[in-house]
Amino acid sequence: MADSRDEPLVLGIETSCDETGVGVVRGTTLLADAIASSVDEHARFGGVVPEVASRAHLEAMVPTIERALKEAGVAASDLDGIAVTAGPGLAGALLVGVSAAKAYAYALGKPLYGVNHLASHICVDQLEHGALPEPTMALLVSGGHSSLLLATDITSDVRPLGATIDDAAGEAFDKIARVLDLGFPGGPVIDRYAREGDPGAIAFPRGLTGPRDAPYDFSFSGLKTSVARWIEAKRAAGEDVPVRDVAASFQEAVADVLTRKAVRACRDEGVDHLMIGGGVAANSRLRALAQERCEAAGIRLRVPRPKLCTDNGAMVAALGAEMVARDRAASDWDLSADSSLPVTDPHVPGRSAHVPAPAAAHHHHDHDHVHEVAKDNLYS
Ligand code: KG4
Ligand code: ZN
């Protein structure tokens, strides 16, 4: 292996939701992972309030960048690039990160890489388990997303196989926790109660697992409704709600569907590595069941430690470093935040890099021609 100092030194900024994350990596080595979270400010609303998140990012941005550089023990002038989440995420929150990244990159004279939040969630595993095997199947489960992605080249080829058609997996945890009066975010507390409950106590439905259902899509709203109704019925009958059994049975339904579909996707696509990322990857039952089913199917499971699974800046830096290492085009200075950036765009290269001038000219010509024809028709 080459001297690690030859590997790209990249700072990454993540502000797509409620975490202001700034990470520094050298290649696949984590040097710093600084986080400022506004989660406490959202708790009383039971969910993330975009305006509150944006303001918190603005206040935390510069101190968090300084903290990350200090923790990494590097000078900003030594960086080989600055990476930032360009999307998807909350528009106002993304904008703060993109503006900061541009300002630092421009002032320091470093290339800027606008990268995809979902691809970053996958790439972060390099910091834990070394170079990502390609292809890798990725199950991303958080408060904002539940998707199955096939990453053939993490910098340029990420294909969505399936996604939730309603609630995200984490959202379901948060909603059930609210019905049970357990507070926000719901995942960690449900996980805790479930440890003392019986996962087979109540047979909650497994959404979209019928023979005619989309094989890789997820649905959690039916499960959520079913759990809520079950709890209401208990309360209406004046009976105690067995919180631990409800938590364990609900969690079992989610873990069962997620792992079943992920393993099936690996088999169908002939992929022998599965990574699980996003906040819900911290779930103890999901991890255990995934391990069990992967082992049975001959699939190697990779799950980063919880701190790298939830939103953070190191994951953005990890993908940025990969962009530098593979000579991907940097972003333009007019890079903008894109709240619905498609997962098929692992990064946002400068326009000059992907729209060759001759093709653009040709296209204009065709367009003019169509316009003329339309006019002719109009007047004939
Ligand atoms: O990735 P993340 O920090 O933020 C985004 O939503 O992008 O994920 C947060 C989500 C929340 O819905 C939270 O309830 C869930 O991850 N979560 C968990 C656990 N820890 C966090 N869900 C299930 N079990 C956990 N142990
Ligand atoms: Zn995320």
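Quick reminder: no glycine exception, Cβ is built from N, Cα and C everywhere.
With His117, His121 listed by TrEMBL as binding Fe cation, the candidate from Asp311, Asp327, Asp332 annotated for that site turns out to be Asp311. From the candidate list Asn116, Asn283, the residue TrEMBL records in the substrate site shared with Leu140, Val141, Ser142, Gly143, Gly144, Asp174, Gly187, Asp191 is Asn283. A simple way to gauge crowding: the CB of Asn283 (substrate binding site) has 27 other CB atoms within 10 angstroms, across all the protein chains here. Considering only the binding-site residues His117, His121, Asp311, the residues lying within 10 A of Leu140 (substrate binding site) on a C-alpha to C-alpha basis are His121. Residue pair Asp311 (Fe cation binding site) / Gly144 (substrate binding site) shows a Cα separation of 11 Å. Selection of the binding-site residues Leu140, Gly187, Asn283 by a Cβ distance under 6 Å from ligand 2 yields an empty set. Just so you know, the Cβ of Leu140 (substrate binding site) picks up 27 other Cβ atoms within 10 Å once every protein chain is counted.
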